Amino acid sequence: MTCLTRPLPNVVAILPAAGKGRRMQTTFPKQYLTIGNKTLLELTIYTLLRQPCISQIIVAISPDDYWFAQLPIAAEERVMVVTGGSKRVYSVMRALRYVKHVSWVLVHDAVRPCLHQEDLICLLTITAHSTVGGILATPVRDTIKRAGNIANVKTINYTVVRKDLWHALTPQLFMLELLKSCLQRALKEGVTVTDESAALEYCGYQPLLVPGRADNIKVTWPEDLQLASFYLSQLTNTHNK
């Protein structure tokens, strides 16, 4: 997709950051793991702050989170903190209550700090021609197997045809009122919402797929932290050239 060069509308970004991150095997939420002297959450926020059209970043944190207030970025003028919920979708819904004076809202994983500015701009420029929104995504490259279970042992059931399969990434960008209504309907009707685009799909919309870079990883497992550190070092080297 061609990234247009045009003035971008003001956008509010939401970071659901109330999760515990138990798969990281840490004693505190994974968004507060550090690379260098900054937490993953700070690195993610700073990436978004580089875009002037992002007028506000709303961070939804756990009610018992005492880490965020200790971070220097908590005093940043464009950063607002709200209390999140027990699931991602509840955190996003609570944050949406505070979105004012914009037509577009962007949702980004709190532990996805390796976002390239070029990808972010490409996503933001879909506001020129879409009335729904879209997500960053990458085509599936690896062979995908559907698992079976025999005597409590995982086995290969069959191979999934990967043509037209994409990995959903974040950020995900949608019209504010449309995202609100789709999330509300999905929750009311008991639909499991794993990301924001799933709610729009359920309501019959087809968000755009905006090709992004595969190094825009979400830190989920312990080994991801070292990989994210490497990717960020490459980003820093590129910016310093």
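Every residue gets a Cβ built from N, Cα and C, even glycine.
Feature annotation from Swiss-Prot assigns site 'Transition state stabilizer' to R23 (among others).
Residues annotated as site 'Transition state stabilizer' in Swiss-Prot, with sequence analysis given as evidence: K30 (among others).
Long-range Cβ contacts of R162 (site 'Positions MEP for the nucleophilic attack') within its own chain (separation 6+, distance under 8 Å): V140, R141, D142, T143, I144. For R162 (among others), the entry in Swiss-Prot reads site 'Positions MEP for the nucleophilic attack'.
As annotated by Swiss-Prot, site 'Positions MEP for the nucleophilic attack' applies to K218 (among others), with the evidence given as sequence analysis. In the three-state DSSP assignment, the secondary structure recorded for K218 (site 'Positions MEP for the nucleophilic attack') is coil. For K218 (site 'Positions MEP for the nucleophilic attack'), the same-chain residues lying six or more positions away in sequence with a CB closer than 8 A to its CB are D109, V111, R112, L169, T170, D224.
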Using a 10 Å radius around its CB, how many other CB atoms surround K30 (site 'Transition state stabilizer')?
26
